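J.: Okay, handing you the structure first.
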Amino acid sequence: MSEMIYGIHAVQALLERAPERFQEAFILKGREDKRLLPLIHALESQGVVIQLANRQYLDEKSDGAVHQGIIARVKPGRQYQENDLPDLIALHDRPFLLILDGVTDPHNLGACLRSADAAGVHAVIVPKDRSAQLNATAKKVACGAAESVPLIRVTNLARTMRMLQEENIWIVGTAGEADHTLYQSKMPGRMALVMGAEGEGMRRLTREHCDELISIPMAGSVSSLNVSVATGICLFEAVRQRT
């Protein structure tokens, strides 16, 4: 069993973290890119078989996405399960979690993972039935974060949120109609940030299980932000308060 990853950053990040997972790599024939050369040398030094391929082959393997002239076939990484969450929480005095409710676009999932990694989030939680898959597109956008931040899919998000509350984790949800902003919120301790789907927001049951609702103040004419942008803003305000 194997999976494909593509893009310079995604391949490089996995090679640095888990070179043993690589089975083979495909490089665009005739591609002269200074960014690719060090990566090719690094792959060769790890004994990875490298094959030259035409653009049509790479486009097909990446479903027409921007692959930057490199694709790798790798062994699947660790798949975190719902029952791994308590152990992950126990590793930290102040767990810092991100919950994505209804983020179904793999580009947004990848961007949220990238922001989560940069902010030091310990795990990202998503519902099994209403979330984008962690496919090659999401991994490319994540620029390596998909290999470092545990992504946990849960069967019942509301039940998981209750479990977090039993672990004394404060759950902060985002909603445009919230009566105070993230800058008025207190987020220095054990916490989980909940982001809803773009346009729709959190589902009713998810919202009801939040301890607090916050909004992002908007000064211009637009009514909302892309979910990955909003996630980054909220995460780094939490980081500011936690440091």
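The chain as shown is numbered from 1 upward.
Cβ coordinates come from backbone N, Cα and C, glycine included.
Note that the structure is predicted; figures quoted are calculated from it, not measured.
Heads up, here are the entries from Swiss-Prot:
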type	residues	note
BINDING	GLY196, ILE216, LEU225	S-adenosyl-L-methionine binding site
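Help me picture where these features are in the structure shown.
T.: Sequence-distant neighbours of GLY196 (S-adenosyl-L-methionine binding site) (same chain, 6+ apart, CB under 8 A from its CB) are ASP101, GLY102, GLY173, THR174, ALA175, MET202, ARG203, THR206, ARG207, VAL227.
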J.: Other than GLY196, ILE216, LEU225, which residues of the chain come within 8 Å of the S-adenosyl-L-methionine site, judged by Cβ distance to the Cβ centroid of those residues?
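T.: What remains near the Cβ centre is THR174, GLY176, MET195, GLU198, SER215, SER224, VAL227, VAL229, ALA230, THR231, ILE233, CYS234.
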J.: Are there residues of the same chain, six or more positions away from LEU225 (S-adenosyl-L-methionine binding site), whose CB falls under 8 angstroms from its CB, and which are they?
T.: ILE216, MET218, ILE233
J.: What is the biggest Cα to Cα gap, in Å, among GLY196, ILE216, LEU225, the residues listed as binding S-adenosyl-L-methionine?
T.: 13
